[in-house]
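Here is what TrEMBL records for this protein:
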BINDING   GLY27, ARG30, ARG111, ASP154, ARG157, ARG160, ARG163  CTP binding site
BINDING   GLY27, ARG30, ARG111, ASP154, ARG157, ARG160, ARG163  ATP binding site
BINDING   ASP40, ASP42  Mg(2+) binding site
DOMAIN    22-141  domain 'Poly A polymerase head'
DOMAIN    169-229  domain 'tRNA nucleotidyltransferase/poly(A) polymerase RNA and SrmB- binding'
DOMAIN    245-393  domain 'CCA-adding enzyme C-terminal'
Amino acid sequence: MKPPFEQALGIIRQLKRHGYEAYFVGGAVRDLLIGRPIGDVDIATSALPEEVMRLFPKTIDVGSKHGTVVVVHEGTAYEVTTFRTDGDYEDHRRPESVTFVRSLEEDLKRRDFTMNAIAMDERGTIIDPFGGQEAIERRLICTVGAADERFREDALRMMRAVRFVSQLGFALSEDTKSAIVQNAPLMAHISVERMTMEMEKLLAGPFVAEALPLLADTGLFAYLPGLAAKVQLLRSAAAFRWPWLTKREERWALLCRALDVKDIRPFLRAWKLPNKVIDEAGAILAALDDVPRPEEWTNEQLFSAGLERALSVEAVRAALCGAPSEPHHEELRRRFAALPIKTKGELAVNGKDVIRWAGKPAGPWVKETLDAIWRAVVSSEVENEKERIYAWLMERNRTHEKNC
């Protein structure tokens, strides 16, 4: 048994010692069977939440009314969830109630896709009542039971299906795809925050080129923020090298450029992204326009952007053009390392110095003067030493007065 599961075996064994059933479930089991890196290990059990909390010394109640308790075992947190069935769903988003049951199969039956409805016991034996292994072998995303019913229960499952296409490179089964086309309007019931979470995972997947056209083909695009009029551009966006990007800001910047978004702030705000992400995506695109080619970065532009943003700009440019960014990244790192200062805080003078030298009250002129100084320093017009900067500034002022 692989290490992530071995480390959690103590929880399974403790539950079984007290007469309860317990199994590994969910994405970790799926990824084990696919051969992907295994993430969080989840456990399902016949024990009720209060019974779980009695058996383990360190637990966190994160949602016991829905059956979930976090058990901290050997320094690692594991979600332990009671076998349950879901009641009727309200607003195509969440069940109105859950009922705890003692049957693993009943618990697996409520899950979204067959590949996610597989369990594994402490000996590594697979329990697969709904054909998840066959779906994995065929590289298909199939719902547990009727696809129409699963998507009517929780409309976000339609986005999850396409997101899994991006992450796994699987195809949608015919029934699954048809049901998404039929039920796409139910996405209107889903919060923007939940859509954004799925979209970010989709854009980060290695098979995003297969997933983006599916958003168009299934009609889901029409219910995603700002995409209703972008269907053809969305299809074309599949041609870009999305897997070359490593940061969420880069992916949103590329999406804006791919969709020819003129004013990115309202578009990204509609996705309810953090201001920090919106600002950085905007700065990346602005720099992309200001620096037409990778070799045209000036020292001033490189200093203003900072190394990380400059690298992001070239990553987005590479994804757009299909030319690897590594040579340009190496050159930018070399040039940035050679700059006499890396931040304005490293400047040998400050606002108090320039006010004292000028002998006049503070005002907007102070920032303008400091900006002129750092530009002169990074362009090697003057060395970053207080005395030399003073002499340079006095000469600059004399020249300015003479010309006026």
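Every residue, even glycine, has its Cβ placed from backbone N, Cα and C.
Caution: TrEMBL annotation is automatic and unverified by curators.
The average pLDDT computed for the domain 'Poly A polymerase head' (22-141) is 93. ASP42 (Mg(2+) binding site) and ARG157 (CTP binding site) are 20 Å apart (CA-CA, integer value).
Secondary structure at ARG30 (CTP binding site), as computed by DSSP, is helix. Of all Cβ atoms in the protein chains displayed, 21 besides its own lie within 10 Å of the Cβ of ASP154 (CTP binding site). Taking a C-beta cut-off of under 8 Å and a sequence gap of six or more, ARG30 (CTP binding site) has these contacts in its own chain: MET115, ASN116, ILE118, GLY132, ILE136. Each of the binding-site residues ARG111, ARG157, ARG163 was scored by how many other Cβ atoms lie within 10 Å of its Cβ, and the smallest score goes to ARG111. Helix, strand and coil content of the domain 'CCA-adding enzyme C-terminal' (245-393), in residues and according to DSSP, is 106 helix, 0 strand, 43 coil. With DSSP states grouped into helix (H, G, I), strand (E, B) and coil, the domain 'Poly A polymerase head' (22-141) comes out at 33 helix, 43 strand, 44 coil.
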